Amino acid sequence: MDLSDIRREYIHGGLRRKDLQANPIDQFNLWLQQAIDANLSDPTAMTVATVDEHGQPFQRIVLLKNVDDAGFVFYTNLGSRKAQHIAHNNKISLHFPWHPLERQVHITGVAEKLTAMENMKYFMSRPKESQIAAIASHQSSRISARGVLEGKYLELKQKFANGEIPVPSFWGGYRIRPESLEFWQGGEHRLHDRFLYSRQDDNWTVDRLAP
């Protein structure tokens, strides 16, 4: 399939250094809020890239659940493939694509596990159905049929019908402490604007990159 004729112009305007926030987390929050305000589908969806012990990269879509100066937080099954990769190599890449705004953000950083208290606080805030699903699914393991998963879900739903659901030991979150953040804004004639924030000790440097 030849896709060479699929192209479009970027029309939403550029990004200038004078428009940037000094702190990249502030810049990220500004863009994220604009994506939310624009009613984009799944504005908190991000690609999480990890590498296995053989150097093979893997990607998957995960939802961002918190962001602050400490980093970017997501939750997962601690026995999942991504968790196994992180245990081997905790360097991670995140990518947020906000296509309608002609923007994307690329983040590199180091993953660290959240505390048991942080895990419990978020787990208890989830809908009960989501809590049950977290226990029913041993993520990335092989199953013979969908019915096996659905049967386990219904079994647990009945078991916890009238009680509190405990946080499973194999479920938790990670915080990605950022080392770099790149902000990309589409530009006319493919002259896109790219700014890279790089951590230098407790400060950030900002460089413009060629598109």
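A Cβ is built for glycine as well, from the same backbone N, Cα and C atoms used for every other residue.
Annotation source Swiss-Prot lists substrate binding site at ARG7, ARG8, GLU9, TYR10, LYS65, TYR122, ARG126, SER130, ARG190, LEU191, HIS192, citing sequence analysis. Summarising the annotation, Swiss-Prot assigns FMN binding site to 60-65, 75-76, 81-82, GLN104, 139-140, TRP184, ARG194.
Structure coloured by features recorded in Swiss-Prot.
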residue : record                 : Cβ contacts under 8 Å, 6 or more apart
ARG60   : FMN binding site       : THR47, VAL48, LYS82
VAL62   : FMN binding site       : ALA45, MET46, THR47, VAL48, PHE74, THR76, LYS82
LEU64   : FMN binding site       : THR44, ALA45, MET46, PHE72, VAL73, PHE74, PHE96
LYS65   : substrate binding site : THR44, VAL73, PHE74, TYR75, TYR122, GLY173
ARG126  : substrate binding site : ALA134
ARG190  : substrate binding site : TYR10, PRO211
HIS192  : substrate binding site : TYR10, TRP184, GLN185, GLY186, PRO211
ARG194  : FMN binding site       : GLU182, PHE183, TRP184, GLN185, ARG208, LEU209, ALA210, PRO211
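With respect to Cβ neighbours within 10 Å, the binding-site residues ARG7, TYR75, ARG81 differ, and ARG7 shows the lowest count. Looking at ARG81 (FMN binding site) and GLU9 (substrate binding site), their Cα atoms lie 38 Å from each other. Of the recorded residues, ARG7 (substrate binding site) and GLN104 (FMN binding site) place their C-alpha atoms 17 Å from one another. The binding-site residues examined here are GLU9, GLN104; by Cβ neighbour count within 10 Å, the least packed of them is GLU9.
ARG60 (FMN binding site) falls within a strand segment according to DSSP.
Reported as a whole number, the C-alpha separation between GLU9 (substrate binding site) and GLN104 (FMN binding site) equals 16 Å. Comment: substrate site residues ARG7, ARG8, GLU9, TYR10, LYS65, TYR122, ARG126, SER130, ARG190, LEU191, HIS192; largest CA to CA distance 44 Å, whole number. Secondary structure at ARG7 (substrate binding site), as computed by DSSP, is coil.
Taken residue by residue with DSSP, ARG190 (substrate binding site) is part of a helix.
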